[in-house]
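First the structure, which I've put down as structure tokens, then a few questions once you've had a look.
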Amino acid sequence: ALEPISVGVAIGVACAVTGYLSEPNFYCRFVECCPSGELRLNATALKTQLDTKLFGQHLAKDVVLKAALGFSNNPSPKKPLTLSLHGWAGTGKNFLSQILAEHIHPTGLRSKFVHLFLATLHFPHHDRVEVYKEQLQNWIRGNVSACPHSIFIFDEMDKMHPGLIDAIKPFLDYYEHVDRVSYRKAIFIFLSNAGGDLINKAALDFWTSGKQREDIQLKDLEPTLSLGVYNNKNSGLWHSSLINRNLIDYFIPFLPLEHRHVKMCVRAEMRARGYAVDEQVVQAVADEMTYFPKDQKIFSDKGCKTVQARLDMHEDV
């Protein structure tokens, strides 16, 4: 016969273990879960990361920080947050989108709730655009059904076939549900080199007139940028209904980087590799980059894109 006390202890332990295992957070410690309830971003942590890792982009940092925090603090958004990031390669568009993704889903681009599309990889053939449209709609519908806080990043928008991105218009619009699915808590981010020339010209005009680049405001660039992208036949947003319907919340310009910003990138990369910062190496790497205009050499024509490779040449130092 079993002792009553032993039976009572066993039952108590079993109940405790069962209760512990059934706790919602327990499962999510081992398997990635979609954020439940209302999403709240850590404003201080996000701002700190943007300030310490993204250089020369005061506009992009300010707009994305305010837009993301406002969106996450809104218990009932009317539409998904939709951002379009524009600028030349190496200015930080991918980097910023990764930082934002990591603050919503800690594993960032490795998260099953963060989806990266590359135009040349996922949508390479012009004659299959209609097939891509259907596949894209099904993919987004399925993933938002699984996690309302899904993030979709579309890179190389300047290489995307015109008209293809319009397939996702219903998901970005002001609908409460589309086929019984709500998309209002998702985030869509477009990355494009299109409009880079317009941004660079505006930055050069500010420099020529003796103004500080930090004085450039979003209103100085956004109207021209959105119109330029809309009329650019080399843009995936050419004559797009997403622009016609004002479904893109912000067109965010990434300014060309100056010599001092390239040096900031070199220092950050050295610290990331565990090196002590050697200013002679910093100067040497920055000087090896190429700058434009040719006669003044103000802006890096590759941003910080080749900093890592060039720093490899100085490994012995």
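Backbone N, Cα and C define each Cβ position, glycine as well.
Those TrEMBL annotations? Automatic predictions, nothing curated.
Under the heading ATP binding site, TrEMBL lists Gly87, Trp88, Ala89, Gly90, Thr91, Gly92, Lys93, Asn94. According to TrEMBL, the feature domain 'Torsin-1A C-terminal' maps to 257-312.
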Enumerate the residues of the same chain, Gly87, Trp88, Ala89, Gly90, Thr91, Gly92, Lys93, Asn94 excluded, that satisfy the criterion Cβ within 8 A of the mean position of the Cβ atoms of the recorded ATP site; list them in sequence order.
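Other same-chain residues near the ATP site: Phe95, Asn193, Phe254, Gly303, Lys305.
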Could you give me the DSSP helix, strand and coil counts for the domain 'Torsin-1A C-terminal' (257-312)?
30 helix, 5 strand, 21 coil
Hey, which of the binding-site residues Gly87, Gly90, Gly92 is the loneliest by Cβ count within 10 Å?
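Each of the binding-site residues Gly87, Gly90, Gly92 was scored; lowest Cβ tally within 10 Å is Gly90.
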What is the number of other Cβ atoms found within 10 Å of the Cβ of Trp88 (ATP binding site)?
22
Looking at the binding-site residues Thr91, Asn94, which sits with the largest number of other Cβ atoms within 10 Å of its Cβ?
Thr91
Run through the Cβ atoms and count how many others sit within 10 Å of the one on Ala89 (ATP binding site).
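Other Cβ atoms within 10 Å of Ala89 (ATP binding site): 15.
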For Lys93 (ATP binding site), what residues in its own chain, 6 or more apart in sequence, show a Cβ-Cβ distance under 8 Å?
Leu85, His86, Gly87, Leu191, Phe254
